[in-house]
């Protein structure tokens, strides 16, 4: 079933690449494949189970211990579900495009690749999907972006390839240190190699942190992110922020945290500090941006900082087990929530670009009068992003900080400042764009179309649902199932 | 003498002679027949090599090793040469005499096969010289084009120096160790400075064939100036053979620690220099040439860990196979574009000539090692072998280089895909398309068939 969730979008991509479909048909093919994928994942979810479930294994290179292995636990299933939903929303998002068929082909390709990354249980297949996500995004940004799109795409590709190759080195060293060469995640999680102290585990850990840190992105490896976001088309930004960034934090949990828990515990404090720096740096720099998309992009650095802080706390082997579980739950909820919220925000930014071809905030104002639906959606998404109680962001940040106060109280206190700044910057953004006087050249600004409004409503309804009734998501994530692996080692 | 043991080599030799005679007899416009003959002869050689695949012995008084690596070379060298033959008829259609080109190509392939199987230093010299001398002619085959002549001349001058050093090295090793026979030399090479110098000089001769630092300077010139089919041949076939010969030699002297270190340093220098030089290249053929220098650097990683880990030899052979296919694919795309050199000419290629653009992009992505294209699996095997042997620094250098290389490959691919202006480039067509499609399909199939191929690759060598 999981294999199907990966192959259907990839097959759709192939179909789109070869068959001469029109723009509308292409859009529905890409959307349909993402929806089918989502349905397959939902059926796995409905099947229930503990630990890794829906496991399938097909040999690929047996002599090297590489195979097509798929299976999900609560964390990866939650992320895969969120990704499939966001891909369906982004593919369905109405766009005026030149070369629409190729655009939707890359979109479907990225859908398959991203879901594949979350559901695979083989490190080499994981790496394959990790790299392919770069290829897909490179072509999406470079071809359909605006402004300095080619330059931004190049920077994105080169920067993140550097990270992914470090990950590859780390993966190989991990596998070589197993009693028998294997890239099976379950085997490595069950008996983590490189447990001893020493330079080698530290270096491997460093390779993983830099590699995943670039993708996440964590300060100081975040500089590729703003140009990539600003110049990408709206839905591609939504995918980049909503799904691709999660690959970094997911990898951080799955590989260093679960596969080298002792080393992780030794280095948890520096990682937590890095997370807090990202929180503050992201929010302060975001505050200074006048470009709408740059501002949202930097809030991603801020939000991923919360996630990294949560992950570091979870792997610290300090404090109570409850605190660490809370932090990990928070980190995963933050990933899901950030995917939905920032996905919505970037789609809104795309809607604004489609109408005004401008992101410069001082050129806007008073849109509330001409575009009430857009204003409503943007306000709700902004409030969710700044962590208003009753919305998804709050649930995530509450868990992370509850956990962090139990382990690193000082860091948590400093990190709280980030929430304050984020609140300020989002309120200022809302005021600049939507309230005040309507500039003359924005008279013709139209409101969201029904299709756009429906897509945003779907995403934001989930944000509200997670905010007021998070129990189902928390039960799905089941952080306790991830934590014992750490407890056993630490 | 067991003549049958050399049947694949003899098949290539006889075909070469036949092609030469046929070229003399045929009128100029029918010289394409020589191409068909050459391809058929090479296919026969592959067939015979396949039937002898199980052999594991030394033959001809111990001068020729029939083992897994030789079998690999006997399949890869003629196979990839066929693709070069396929590019030639249209390319040379305006040339007054190109029938002889195929004879030269076959003699050169024969030299490469002899080099790969050599189990005796004298035999190695013979192979290298045959492969080199014919190579000079191939590089300068455009007799009235200065750049081609310059490429041939540079190739010849660097080659003359490297081959002279090689022969001196062989003399030194023979004098100090008392034999040229690998079976006698294995593990018995003395570690005194004179012998080590001799070995290093022999390595220099092989580095020349591989296009490694410091005797790499011919590669970009040949890639730019030689006729495109010859450029494809010369940047691939001698390298395949040179890699096997180099591995055999380094594996002979496991006690001499200086050799692997030398190879590792050359590896790091070669990949770095090749990539840095390719970075701002405005001529796509030179760019491919420099990229092939850097690929040699990666391949040497496996030689640097020769014998230390069981994955070293399979990694080398696997990587070289994929490199060869991808490089020929890249040159086939260039040939299809009638040798288009200027990087500006590639703008918007995806719209005017999608096939060539996709082929070039796939070849380049394979060089970078973007999965699941086979180049990734080749590089993965190299990393695995290097890390297992503990040469982590070399793997890190290779990672840095890979990132660097992505930049210049994207300088070609990016505008080819993103640019809107379409400058309809000329196209060659004909059998070039056959070579292009064949290389493309084989490259894609390699990923799928990797497991079987990897299991079939030899872990050790004779003697």
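Cβ atoms are placed via backbone N, Cα and C, with glycine included.
Owing to the predicted nature of the structure, the values given are computational and were not obtained by experimental measurement.
Transmembrane segment is the annotation TrEMBL gives to one range among B:52-70, B:71-89, and that range is B:71-89. Among the ranges B:101-118, B:335-352, the stretch that TrEMBL annotates as transmembrane segment is B:101-118.
Contact between the transmembrane segment (B:33-51) and the transmembrane segment (B:231-250) is not supported: fewer than 3 Cβ pairs lie under 8 Å, counting only residues 6 or more apart in sequence. Same-chain residues lying 6 or more positions outside the transmembrane segment (B:71-89) and placing a CB less than 8 Å from one of its CB atoms are 8, 12, 31-32, 35, 38-39, 42-43, 45-46, 49-50, 52-53, 55, 98, 101-102, 105-106, 109, 112-113, 116-117, 227-230, 232-233, 236-237, 240-241, 244, 317, 320-321, 324-325, 328, 331-332, 335, 430-432, 434-435, 438-439, 457-458.
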